[in-house]
Amino acid sequence: MDLATVLLLHKSSFIVGAICFFYVRWRSGATPGLGVLAVGFSLLAIASTLAGLDERIHMSSDARTFRSFSLGANGYGLMAVGLFGLSRRHSSLRDWWPLLLPVVLTLSAAITPWYLDNGLRASVFNGNATILLALSGFVIARDFFQERLTARFGLSAAIFVATSLSALVVVGFIFPNDAPLPPRYAFFLLIICHFAVALFVLVLVQERAEEKLTRLANTDMLTGVPNRQHFFNSLPKGLGPGDAFVLIDIDFFKSVNDRFGHDKGDIVLVNVARTIADSIPRSSVFGRLGGEEFSLFLRGETEASAFALAEQVREAVNALSLVFDGKQVSPTVSAGVALWEAGLTEQDVQKRADQALYSAKNNGRNRVELFTGIGLTNGIPALELRSARAG
């Protein structure tokens with residue numbers, strides 16, 4: 001394959017990428033990084049076109065060479081800026097620092113015509129690409145720990161392969177007789193990498209959209225905690241020893257709505273939900289079942305430890321103090337606790353927890369009731385309760 005054909009395909013890979021990025025940005029809204037990526041790919045396409053014109057008409061133009069170099073170098077800079085923003089999911093001025101290198105190279109080329117040396121220009125250009133691609137790949141891979149999407153593996157791999165190929169091009173121009181891969185073949189493989197980068201960027205955007213929809217479907221929009229559907233979907237298929245349900249209900253919630261309005265009732269719900277979420281182990285399953293009722297599913301508990309945890313939640317909510325229309329409102333909750341026993345189904349344990357909650361309501365509210373094998377109780381031996389809390 002001759003160099004002119006390689007340059008044509010090289011340019012085409014950038015054009016396709018730019019079109020895809022512009023389209024997805026238009027369809028998905030202001031997704032951080034996509035617009036900058038599209039501009040970067042566009043500049044690289046123009047730079048590749050100018051380089052192709054030089055090759056085809058066998059003519060050297062200082063102005064055209066300078067423009068091809070500067071547009072391409074800054075195109076890679078914008079590509080890095082776009083990938084930074086895409087990876088971090090927000091636009092920030094601090095993400096624009098990768099442009100410093102291509103800007104410095106452009107200014108130096110404007111001051112002195114070193115870029116007219118073909119070998120030197122190609123080495124510097126691809127060295128610039130190597131550095132910027134390496135930085136981009138590092139950021140994409142590093143941010144996997146904040147956003148565990150599989151598309152990051154493919155995107156970072158494509159970028160790191162492109163980084164290696166760009167480095168091989170530099171080696172090929174500096175040591176033409178000892179190059180492990182001729183620059184022409186490296187350019188051809190880079191074309192595949194450019195298409196792969198565009199593909200995995202689109203896959204990453206798609207995975208984010210799917211993850212967002214899943215999160216919205218599983219989250220209670222008012223309180224931000226898991227909803228009823230997510231709670232029950234998160235339960236294990238079968239219960240065993242140590243599994244417990246805790247049903248929690250806000251006391252006198254209707255009176256808050258009646259006295260202060262539903263907007264203030266929503267504030268109570270949000271604060272209670274967050275307080276409960278902050279008071280429970282991360283291993284527990286938590287969700288809002290509806291209205292003012294919440295549920296917890298715990299594993300590896302005893303009657304004492306499950307009761308102690310429910311009591312801890314009750315005390316945390318009891319410590320809340322809200323002010324509405326100049327009046328202090330201190331919400332409280334009642335809770336019912338039940339543990340699995342041999343022969344019981346999931347529904348049986350939940351029903352027992354509901355009975356315990358009903359008992360807590362009838363016995364004065366702001367209390368925890370435990371359903372045991374011998375019936376309901378709101379008392380755990382003091383020594384055992386202290387041990388459960390300490391554990």
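Heads up, residue numbers simply count up from 1 along the chain you see.
Any Cβ shown, glycine's included, is placed from N, Cα and C.
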Candidate ranges 65-84, 305-324 [criterion: TrEMBL lists as transmembrane segment]: 65-84
Sequence-remote partners of the transmembrane segment (33-53) [C-beta within less than 8 Å, at least six residues beyond its ends]: 4, 7-8, 10-11, 14-15, 17-18, 21-22, 24-25, 64-65, 67-69, 71-72, 74-87, 91, 198, 201, 205
When counting Cβ pairs under 8 Å to the transmembrane segment (6-26), the leader among 65-84, 96-116, 122-141, 153-175, 187-205: 187-205
Helix, strand and coil counts within the domain 'GGDEF' (241-373) (DSSP): 59 helix, 37 strand, 37 coil
Listed stretch, out of 122-141, 153-175, 187-205, that has the most CB pairs under 8 angstroms to the transmembrane segment (96-116): 122-141
